[in-house]
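Features as listed in Swiss-Prot:
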DOMAIN    25-225  domain 'Glutamine amidotransferase type-1'
BINDING   Gly76, Pro77, Gly78, Gln108, Ser154, Leu155  L-glutamine binding site
ACT_SITE  Cys104  active site, nucleophile
ACT_SITE  His199  active site, for GATase activity
ACT_SITE  Glu201  active site, for GATase activity
REGION    252-516  region 'Indole-3-glycerol phosphate synthase'
REGION    532-768  region 'N-(5'-phosphoribosyl)anthranilate isomerase'
Amino acid sequence: MADTALVDHSPHHPTKAPRLETASNVILIDNYDSFTWNVYQYLVLEGATVTVIRNDEISLEELIAKKPTQLVVSPGPGHPKSDAGISNAAIQYFAGKIPIFGVCMGQQCIIHSFGGKVDVTGEILHGKTSVLKHDGRGAYEGLPPSVIITRYHSLAGTHSTIPECLEVSSFAQLGEDADKTVIMGVRHKQFAVEGVQFHPESILTEHGQTMFRNFLKLTAGTWEGNGKDVAQGGNFTAAAPNPPKATKKVSILEKIYDHRRAAVAKQKTIPSQRPSDLQAAYELSVAPPQISFPDRLRQSAYPLSLMAEIKRASPSKGLIAEHACAPAQARQYAKAGASVISVLTEPEWFKGSIDDLRAVRASLEGLTNRPAILRKEFIFDEYQILEARLAGADTVLLIVKMLDTELLTRLYLYSQSLGMEPLVEVNTPDEMKIAVDLGAQVIGVNNRDLTSFEVDLGTTSRLMDQVPESTIVCALSGISGPKDVEAYKKDGVKAILVGEALMRAPDTAAFVAELLGGQSKKLPLQSRNSPLVKICGTRTEEGARAAIEAGADLIGIILVEGRKRTVPDDVALQISKVVKSTPRPTPYPTEVPQGDTDATSVDYFDHSATTLRHPTRALLVGVFLNQPLSYVLAQQQKLGLDVVQLHGSEPLEWSRLIPVPVIRKFGLDEFGIARRAYHTLPLLDSGAGGSGELLDQMRVKQILKSDDGLRVILAGGLDPLNVTEIIKQLDESGYKIVGVDVSSGVETNGVQDLDKIRSFVQAAKSAF
């Protein structure tokens, strides 16, 4: 606007209106903005009785107790998600109860509170006047179609994320582009909740007093209660700069798709996340190892394979499990028998991220037959597929409905080039034909129409006759119980995807067993009759032989210079010969796995503990303390060590560089005890070992309870007289002790006592 067009619209020598009894207790939340008091002035001039409260000086309970007649949320600096104090909680509580009006950040809080997103507009405006187009309803009732407004903002609600419960009530042109607009007003379709992005209280805004007056006329929490019909009408759409866009009904899929396109385009410009950055990382072979998605789907302990989904929210159900921990959920699914874990990585509607997938992949490290990992996302670019592979995905989702045939084919072939067979999703006969013609090995039939988000569980069955026999068909969406699954078994469906029902299940394993018609596949607890017993500090052939004949599983020799129990290499070699030539008194039975054991996932420590038990003889353990890796490797070869024990502060990574199982000692407050796929088993001990100092049993309990899959060897002050009692004190966590380690507890005057060795082994074996 030219300067000559600037008009001061502020009240000149104003006369305060009589007290408005229906606005006798208006609460104005101050988001620390100087305009708050201009808003206050306009409200008071209309007869309202107003109390101003800063956003961080009142709790929601205190605000509720004040029983406001109307709520006004002021402008303010920052972002509504992080800088609005009580504003969002107040809007969420009072919506539908009393009228609410938001100004600038106040409107952004409304959008954020109902699930929309506030982001940068590309403009930074400070005292800029614009032409407003509005729908003539709510705050705009009685105003001319075009109004001059004043804007102070760089953030605004984004068109693609405005939730279904809100409608855009006004807009302004974005910059010089007549085809692009910025949201200037929103209104709830049911509740008397309205916001404006501009400043009606500014002296350069036309009809600002009228807007506040219209708001203060409202007394009920809903439009119906106020006798108002605020459904958008023809006047607003006719005033829009691009009428077809304003009137078109946009599906949820289109909204999500548009939002993801914008987000991915922006992400691709960030240094370290550019396509060239991802490709360079991939060429360095840093992507985690992968498994075959189709092959894993063919392995299941149940009649149908389970694709278990990690799903915090959805457009149709809203929040499902907002605070769910993705890696913890993944471990539950794996133990319950899932063949595939689907990780939703879309952040706005489903509340997921690629970081969830990365954490899930890490959490499954070391499982004997881990589930395949699916990136469940709205994929339209090779970039997203490469990103998924680098994060640890074994497969990705390609939705036929949102991709033309050329793009679908390109993405399918690119995914295959990275070793990932995609899951191709269809919903109609035409889409199924496209997937079959593509040659997809795995086709998912979505029972939910992504245009309307309505569920029809019969969709999968109706499309089965189009599918080649060799193709794996998965039923997706809406499955909540055993009855939903029965028809799929009869129709030849090979897998089902379950999300919400699993996320809400109190017992994941029991729910899966009931759903799929099998027995709950809970992992067996370590046998309490066969703990590993390690006799450490062995210095003679006689001591080694006595320990083995008593039933010990592990014979430890100290290979650390300067320790009183250290043995020289020549003695170590003699002990090694004894260990390898002396048979167990009773061989352990060698069990051949039966049935479908390879179709299930066994936690790392349950599996690794079995590698420390030889069926016919004991194993020789060499104990090292902060010595060079090269020395450890040389001694392992020279002495024929079966196991290496690292008893100092050696890096965890060494465990992967040593060619035999590794026991690693941990103090009670040391990080990394439960880290999978490195050390074979952690050993809990105090100090440098051999001190005879008992561990704090309460702290041991806490450690064991912190991780269901943790298994440890217990050391520290054990002897023949206390080992049984100490194990019993651990109560229900005792089964996680898969072995015990003793040194000074079987000595007399610093020398190994053969009778004590025999007594300790007997006591330890009977303690479980």
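Each residue, glycine too, has its Cβ placed from N, Cα and C.
Sitting within 8 Å of the Cβ centre of Gly76, Pro77, Gly78, Gln108, Ser154, Leu155, and not among those site residues for L-glutamine, are the Cβ atoms of Pro75, His79, Pro80, Asp83, Cys104, Met105, His153. Other C-beta atoms found within 10 angstroms of the C-beta of Ser154 (L-glutamine binding site) number 13, with every protein chain shown included. In this entry, L-glutamine is bound by Gly76, Pro77, Gly78, Gln108, Ser154, Leu155, whose most widely separated C-alpha atoms sit 12 angstrom apart.
Proximity of Glu201 (active site, for GATase activity) to non-local residues of its own chain (separation of 6 or more, Cβ distance below 8 Å) is seen for Phe35, Asn38, Val39, Gln41, Tyr42, Val103, Gly208, Phe212, given in sequence order. When the alpha carbons of Ser154 (L-glutamine binding site) and the residue listed as 'active site, nucleophile' are compared, the span between them is 10 angstrom. Its Cβ placed at the centre, Cys104 (active site, nucleophile) has 28 other Cβ atoms within 10 Å. With respect to their backbone Cα atoms, His199 (active site, for GATase activity) and Gly76 (L-glutamine binding site) stand 11 Å from each other. Comparing local CB density within 10 A for the binding-site residues Gly76, Pro77, the maximum falls on Gly76. Using a 10 Å Cβ-Cβ cutoff, Gln108 (L-glutamine binding site) registers 35 neighbours. Annotation note: Gly78 (L-glutamine binding site) sits in a coil segment as assigned by DSSP.
If you draw a 10 Å sphere around the CB of His199 (active site, for GATase activity), it holds 23 other CB atoms from the protein chains shown.
Separating the Cα atoms of Leu155 (L-glutamine binding site) and Cys104 (active site, nucleophile) is a whole-number distance of 9 Å. Scoring each of the binding-site residues (Gly78, Leu155) by how many neighbouring Cβ atoms lie within 10 Å, the top position goes to Leu155.
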